[in-house]
Amino acid sequence: MRDEATRKKRSFSDGHFFKKLKLMSRKKQPVMERSKTTRTRKESTNSAAKSSLSLRRANNGRKTIAKRRVLTDIGSTNEGVAGNSGSNSPAQYSHTPHFSDSIPPLPLELPDIVSIRSSRSHISNKSNKNKHGIDLTFIPRRSLQNSKAGLKKPNTSPQGYFNIPVTIDRASEKVKHTDTKNTFNSSSSENERPVLSILQKDDSQSSSHPAIDSMSAPNNINNNNDIENSSNSLFDTILSIAHSAISHVPKISALNTEIQREFSHSGESHTGSTRHPYFHIHHAQQQHPLSQQQGPLPVSENANQNPNDTVLIHSPSANTAHRSSSFLRHLDYLLSPTSGPASDKHTQVEEGDDEEELSPLSKAFLSPSTQLVPTNTSTTPLSGSLTPNNRNVNANSNSETENDNDRDDRSNVGKVKFQPLKVHEPAISTFGKGNLTLEAVAGSSDIDNTTIDLDENNTNNNPNASSTNLSHISKSNVNNNLGPKELNTSYRNSTYIDMARFENSQSNLSSHRARSKTLPANKALENAVGDEGNSKRNSRYSSYSNDMAFDDADERKFRSMSKKFLNRRSFSPSNLGNKVIPGINLRNSFNKNRNSSSDFFSTNQGQQMPRTSTAGSGNIHAIMGLDSGNDDFKLEGIEYASEKKNSEFHTLFKDCDINPNEKLIVDHSCALSRDILLQGRMYISDAHIGFFSNILGWVSTVFIPFKEIVQIEKKTTAGIFPNGIVIDTLHTKYIFASFMSRDATFDLITDVWNQIILGKKYRNGFGNNDDGTISDSSSAFFDDSDDNDDDGDLDDDDPDINSTDMTSSDDIDADVFNESNDLGKNQKSTNYLLGPNKHSPTTADFKPSNNDHLVIEANINAPLGKVVNLLYGEDVSYYERILKAQKNFEISPIPNNFLTKKIRDYAYTKPLSGSIGPSKTKCLITDTLEHYDLEDYVKVLSITKNPDVPSGNIFSVKTVFLFSWDKNNSTKLTVYNSVDWTGKSWIKSMIEKGTFDGVADTTKIMISEIKKILSDEDSNINSKHQASNNESEEEIINLPTIGPPVHDPTEPDFQKGKDDTVIDEKINIPVPLGTVFSLLYGDDTSYIKKIIENQNNFNVCDIPKFVNNAREITYTKKLNNSFGPKQTKCIVTETIEHMDLNSFFMVKQIVRSPDVPYGSSFSVHTRFFYSWGDHNTTNMKVVTNVVWTGKSMLKGTIEKGSIDGQRSSTKQLVDDLKKIISNASSTKKKSRRRGKTVNKRKSSPSTIKNEKNEENFEDTSTKNSFFSAFSMLQQVNITSVQGIMTIISFFICLIFFFRLLFHSKNTSNIQIITPGTILINGNEYNYVPNFKTLYHVYEDNIIKDARRKDSNKNNIVTDTEGLIWDWLIDRGNGTVQNSVLSNHIKESNNKKVKLVNGVSDHKIQQLVESIKITELQLQEMKELLAQTDNTSATNQLL
């Protein structure tokens, strides 16, 4: 115990000052004395020598290599293994122990770590022996050699007990020795590497000196080992290797005859009874992972001089295991003491081919490629030579001690020194500091490629190895007989190693290691042997086994998958954010490709599979259907972004292997939380979530597949701002913050995620119960989310129920329906009318609270039951019509069982008109039926949540609808509204005001729509009856048609895009769907050509027929813009994208106008949706969008003009269609049939009124021949829009007629007595005469006089003009009057003769006045000229 404590306290560096002084003093002693002294001290303690490791570093710049020395104790028997003593005289080589046939040296498994402490100080003679008599003196600790290569080779010996659970694959189990010869052709491979030397340990009571074990020659010469005991220190080891390399000349020794004969046969292994039962030599080719990159090592010149100087390196055998990055980062686990020995029954032998050996000088500078490499293959005895290309290594055994009797005859102890021939940059430069990662050496040139190629002609089913053909193993020549086997093995780098603990006894070891084989799920276990002889029965297949074959080009990307792997979590800094999967059993060994843009799990075959959730024991049950190859998958209820945004999205993430067909849904501004907040934008597509940030050239990109997401949750930033979203994958957590509308983004991501993961199950209400709630089994997917939205309840309506089935009467025969007209009315009314038709006024039992505001009180002229069932009945089409009238869109399915379940949930998107804030918001509605009595009142509570508005998650809007009876059997509607707050907000008053105003507006729209629906019911019933009566006539309309003539109403599959503009969605064409298709897109193109010409177009080309559902039309369109060209050429491409005459058809039209400004940078995309409407008509919806491919300064103007032009063209299209239909209908003799129909419906008040109007029209037409065409009213359908317009026009014409007829009787008697005096209807008025007044008063008379034939007759206007001149003469200045005129007038007055031609007299008066005025002006001009200075010049000019 004292020695044991001393060993535990001993420093690995062992560089203390006193130790050095002691060593210096001991150097003065002879080597033999020191050896004897050491042996005496070791024998007195009655313990075996302990193995140790020492380290020295050779620092050459950055290439620092840890040079290792392994000091082991090797016992010997009477015919033991000869080892060199490393003494100064050649005589020391005279005594060489022989290999004993009975008790061979036991191989020792050495770790490849630079520092190891043994948990035991010494081993006693009895307590340290297992049941087989093997003394366990040294329990090495399994570790990693470097970051490039771990424990790779299959192991034939049991493993030690260690403190870290690691799964280790064993290539074979304990094998009993037989006389069967196994020939291994180790020279058949072209990629052979230098095989490491084998270290054998001789643990003798007489000598515990470490010695370099050498090959025994046939003459069995024993060489005494006089190497000094280095006391297991680093400094002693350095001195020892220097002493051995410089002072001694290698000598040749040989093995016994039997071994030499084995070597001469190149790999034939003979096992006989003369050998010790515990002597087992392993056969393998030790190849270091770095040897392929470094090439063959140089051979020492003294290689053939002394084979006894061959360093025998004990290589620990290990299974093909992998190491994890966390294992490398925490080497403190590996540096802890080992515990618990393990033993094995048998080992195997390794043989080599070459006969050269390296001298100690060469071995002192071995490269890292010759260092200790774990193996897992059996070996045969070494040959007399060892070359860098083929080094034979003794297999490892965890039993390091032998019997006491064996120790007495063993006097040699081998010391093994590890030194590189060349100095290379270390793979692990910070070994032992806890921060080692595999990524540091991922790109190293030293990575080797592993291949295990089985000879196709010589592949055997050996009971020692069960062949698992997983990759490239030949399947053609597999023999069940034992025979030669050629194996070429090279090992690749592991990415993970897992070490398992073993028990002391062999029985416990077997039970502990007997586990089921873990193989890939997609490969069957081939040629498996299940008996006790199966050497792989006690192994777990991690990533590889020795029977697998892999390509050299394969990269390191696998790790073992033990049961404890997923229970352990790495706490290294790079893995702190990684998600830990629950401890479940997976059948596949998988590894995450870090360099891949999308994370996949790779199976052993190098194939990639998407992750699947697993459950159970050893079986995989896929919870989510991750069929990535389903290209037909399409998201439902999702509005995609514009093509321009989608193009930008593909450009930003072009390096992320994005699918060209992937569509962008929306992008939001947010920030990615890392060391700092990286402000950027989140792009949500139908397959990925992308984030792109570019801050001053620092680009950050994140691309997350939806199929890799395991959890989405909301997060509060800084504890107070609810604007964050956390997205978890299996390996990383992403935190996004600074969302403007966090809840809306969260709902969208969750919706897309659920549809992608659950697929059709989600869309069909996966896991929903009858009440629309999510069941317990399916709610497990959403337990981690704190979103309380009841989106799953939106799909609880039965998809098989058609709302029109209850009201459709298309299957009823027309004649039967006409005969039972009243019965049909009763059947129709029962669909929406429940309760009594008449009732006295009632009052609702409701007392509003202080927060309730009265929104409106209105009266609806309909019974209570009719109004309530119209809003909340089974036919939800009325309510959808009301919501659309309120300008809502993206309306979710509305449950039709509200009156029975008394609760319903639905959602829609409402546009907002606020100057600030969002332009739209999602509304989540929950209606609750609190009271339902159609003879009293009905109360409905509606709760609305608006998550997209500011502070939308802390308030809800409650609206109470009260329906009660009112006067005249009508319905009284009272609406109260309130806002409930669950938190505080700075904009509370603004939200409340906007809420009250919004509810008031929507309620008014609802009431008006209810009245319209009720008023249209009678007309709809009559039109339906008429359609049934005239069905036979409509079938023979002279118009082309295809498809069924009768069908129930349908809805098109329309998803409004972000930049789409709805031109019109309420267009109805009174013909079946097939007729509209034939008119617009059928073979007869004359109709569409005429329509195009009527749309202000000319130079229309010949309209072609559709070829492959596409055609192209060109024409020239007139433009009426104030600037720009006055016409442009239009190139129209029409494509039928969906064709189903039983549902709907959609035609996409792309118009290009190259002649307009920026015409090459945009195109107008218009989609026409045609579906079945009510009464076998066709509904038409037109949606347009301007798609830009370049930039323009006139973008707004062009878009506005394009949309306006499309709107006018659509209107013209509909008008022309209706004209074509009406003209085709008028060619039929429908007047008599329709007249009979009108005569039959005498009970209708409107019909009686129409008949009276017709009688009046006929009486009026007899009085005036102009109205003889009044009989055409019989051909007019009064209930149609055209009939109503005809009647209105008729009444307007009638009013004008009566006005013209009786207008002449109302004229007034006007007479002018004297100038200034007028007589109107006997009343005399004074006025100032002027021409303006005169013509205004006598305008009618002037017009009449102009139309008269006797234009010479005097009228009142000309007569009055003369009187005016007389009035001017009488009151004028007499001096000014012209004598001629005056005499003329006096002469006229004296003669008192009335002038015949008054007009001539007035002209003379005008002429006289004009001459007078001219003379006055000339006189003034003369006076001005006379006043000038230049009088002479003026006179000359005159």
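Quick reminder: no glycine exception, Cβ is built from N, Cα and C everywhere.
Of the candidates ASN493, ASN1120, ASN1430, Swiss-Prot marks one as N-linked glycosylation site, and that one is ASN1430. Of the residues SER186, SER507, SER596, Swiss-Prot records the annotation phosphoserine for SER596. Candidates SER13, SER102, SER172, SER429 were compared with Swiss-Prot; the annotation phosphoserine appears at SER13.
For the annotation N-linked glycosylation site, the record in Swiss-Prot points to ASN1373 among the listed residues ASN449, ASN1176, ASN1373. Of the candidates SER94, SER143, SER231, SER1032, Swiss-Prot marks one as phosphoserine, and that one is SER1032.
DSSP states for the domain 'GRAM' (648-716), grouped as helix (H, G, I), strand (E, B) and coil, give 11 helix, 43 strand, 15 coil.
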